[in-house]
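Working notes for the structure below.
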Amino acid sequence: LGLLYQEYRDKSTRQEIEARRLQDSQTDPEESSPSEETPSEAEPTSTTESKAPPQISLLRNSNSRFNLWQDLPEIRSSGVLSILQPDEIKLQEAMFELVTSEASYYKSLNLLVSHFMENERLKKILHQSEAHILFSNVLDVMAVSERFLLDLEQRVEENIVISDVCDIVYQHTVNHFSVYITYVSNQTYQERAYKQLLQDKPAFREVISQLELDPKCKGLSFSSFLILPFQRITRLKLLVQNILKKVEEKSDRETTALDAHKELETVVKACNEGVRKMSRTEQMISIQKKLEFKIKSVPIISHSRWLLKQGELQQMNGPKTSRTLRTKKLFREIYLFLFNDLLVICRQIPGDKYQVFDSAPRGLLRVEELEDQGQSLANVFILRLLENADDREASYMLKASSQSEMKRWMISLAPNRRTKFVSFTSRLVDCPQIQCVHPYVAQQPDELSLELADVLNILDKTDDGWIFGERLHDQERGWFPSSMGEEILNPKIRAQNLKECFRVHKSDDSQRRKLGSRNRQ
């Protein structure tokens, strides 16, 4: 395999984006009727009636070095392609991608170890403790990947038609993939140590730069190698999801795919929690030091508490009858810290401190938008504390700096409030959807980081370019710039995405129903 994993992953996700673009353009959503069939590849669509075809088609690019199962000489010469049904060929491709991507991933891991970690100049520069933080248990991760890849390759070699791979994924996830949790949980320390070494040790910076320039790295950065294990365990779950969407329903292969997906989801969640735990604890300690209580003190630090959103808003002074006053003194600044279970309302005071004058449990918050109130009251909403620090009801009229900031606060303060569009959990037949075409890294706690080819339901959107979305493959919610994605216009494709999502998570749904029934009893 000629590609490093970073290249392989990028090509794979780009291919997914282009395939979805092509599907989305094949039927005009406004003119087509439910009975119309999607045009086949043999039937060219008019460029005046649909979008232009995608510019990149890895499926037809023989120079991409991105091999498909059906393009292998052994497969072509066997005649098996004329026997298998199209759906089975798609399934074979999905299983084959899981195997070849693991080979590419192992190749990149091996380069991280042999080219960077074991470099003699780097070893002399780094203290043993620094090297341990920087590379963590990558040797364990690589050993697990090698064992996993050997089992996958053995399965592929057993028969020209792959029987299954999800049973192997399941066994390795249960028995070996805990090494990923250890590695990923170290990520915060790793990133900090790397930045510190670049800053404090010119010799380290020089060696890393030289190693990155080696043709072996293909222009990829050292940090792109360090993050490989986290990217791989997340991607592996998506690859199993892709297989699950293609196996026949109520079959043994569906059962093994569901089992593998469930175990991978457990590992991915543990990885995410490991990353969040340390950063959240440090953040809570920092916030606690900045708060001074004018009211009865509330303990901020708790192992089950984390920050959801913080920021400045304008509070309206005086009773509601004074809303027509034309004066800038109508509003004054307040600062909110919103945690997953608590709201703290403050005023900023000198010395980067905040004086707390009210608080309330998050579950006792209600919000209400003010509409058509004129320019002076644009982006204004009412925040009600059903029970505040004085054990009484309180209301605040608050003004945000923009429409998106107002909506973001309202959704964070009252998460169960109905959004503009109904969520995934409502099981709607149709819902606005968007696919990510540019990766995005969340800048605020209420934002959602996006990977290429992520598909999301659009729950809300603002006029100033922000979308509140729910990602289909894990139901994570958050805000992101609308420029990061392309809306999926074809209702058939949206329905197909939802159907596949329900199928992937049906085991989760049945488990939730069992738990709900048990709780009611």
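Glycine is treated like the rest: Cβ placed from N, Cα and C.
Over in TrEMBL, the protein carries these features:
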type	residues	note
COMPBIAS	7-23	compositional bias 'Basic and acidic residues'
COMPBIAS	27-40	compositional bias 'Acidic residues'
COMPBIAS	41-50	compositional bias 'Low complexity'
DOMAIN	90-274	domain 'DH'
DOMAIN	306-418	domain 'PH'
DOMAIN	429-490	domain 'SH3'
REGION	1-56	region 'Disordered'
Helix, strand and coil totals (DSSP H, G, I; E, B; other) for the compositional bias 'Basic and acidic residues' (7-23):
17 helix, 0 strand, 0 coil
What are the helix, strand and coil residue counts for the domain 'PH' (306-418) according to DSSP?
23 helix, 53 strand, 37 coil
DSSP-derived helix, strand and coil totals, residue by residue, for the domain 'SH3' (429-490):
3 helix, 29 strand, 30 coil
